[in-house]
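Reading through the structure tokens given below for one structure.
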Ligand code: HPA
Ligand SMILES: [Zn+2]
């Protein structure tokens with residue numbers, strides 16, 4: 001076979017790429033602070049009089065060369081320092097929703113990190129009210145159903161997380177659940193047993209980052225100690241067959257973020273990512289963007305590059321989109337409607353001419 005023909009066969013077909021772009025999908029793992037593009041960071045810095053340690057948008061982008069999770073988090077928290085007013089939080093989330101609509105995201109669950117802001121003196125109300133306004137407007141104007149998940153920063157203490165949950169109580173109708181993010185290694189789920197117990201008592205949904213860089217034991221801890229209903233990342237699960245069996249048996253979804261895993265050196269290349277194997281083993285894996293402004297793309301870019309690198313097909317596309325709806329915290333009726341919409345999309349694309 002000639003090299004040219006081989007190359008063509010290895011390329012994602014235009015038809016599959018267009019199909020993936022147009023496919024209705026849910027996004028379940030997006031840190032809204034990680035959607036802050038350098039241009040918006042500079043705009044906000046200027047309007048808020050915040051000085052940045054970077055001379056230009058280009059210089060900031062050039063700093064996005066990460067070696068692990070912590071090297072990213074240092075820049076991510078610096079970027080978030082420009083967020084001061086309710087309008088800033090609204091603008092950030094609205095910019096994400098416009099991207100989400102372009103990628104045919106019809107349901108989104110957004111993580112936010114209140115401690116990153118309250119530590120700088122920004123009131124909790126400013127954060128949640130700005131985000132909530134964008135969520136409402138996305139529903140009205142873009143037809144995107146969205147909700148918020150409050151994440152505790154695991155490098156901070158549990159007492160600080162408890163204080164944050166206390167501060168959040170008056171706004172309990174504005175977020176649906178709690179999660180756990182930031183530096184994983186050395187900060188196991190067990191550290192946050194009490195605050196998650198309180199969140200469960202309040203009727204909040206529970207998720208946690210686990211098994212991104214950390215060992216399978218952290219995934220067990222997220223399930224058994226925190227009561228996680230979904231695991232964010234979870235790609236290290238394959239190291240533990242008993243854990244895989246449990247995740248499959250209990251239909252515990254994994255919100256996988258392929259481009260993030262490459263940028264943070266969890267896998268050396270996308271071709272070596274284990275997403276195909278996760279699906280083959282029967283895990284409810286989904287594709288998400290994590291921190292799209294930092295990791296090279298929004299959700300469709302994650303789909304396209306992963307399909308290309310792992311040579312995934314239409315069957316995988318259907319499974320991944322189905323998983324995204326099934327794994328969401330939408331109501332049973334909403335999930336049914338989302339799944340019907342997905343079926344209609346497949347039927348209409350492949351209807352006989
Ligand atoms: O990928 C992540 N992992 C942990 N914490 C985070 N906060 C933003 N993104 C991440
Ligand atoms: Zn994440």
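Here the Cβ of each residue, glycine as well, is placed from N, Cα and C on the backbone.
Of the residues 290, 338, 347, TrEMBL puts just one in the Zn(2+) site with 29, 31, 209: 290.
Cα-Cα distance from residue 233 (site 'Important for catalytic activity') to residue 31 (Zn(2+) binding site): 13 Å (rounded to the nearest whole number). Long-range neighbours of residue 291 (substrate binding site) (same chain, six or more residues apart, CB within less than 8 Å of its CB): 30, 31, 33, 34, 35, 72, 76, 260.
Counting only residues at least six positions away in the same chain, the Cβ atoms of 29, 30, 31, 34, 257, 259, 260 sit under 8 Å from the Cβ of residue 290 (Zn(2+) binding site). The C-beta environment of residue 209 (Zn(2+) binding site), restricted to residues of the same chain at least 6 apart in sequence and closer than 8 Å, consists of 154, 179, 180, 181, 184, 231, 232, 233.
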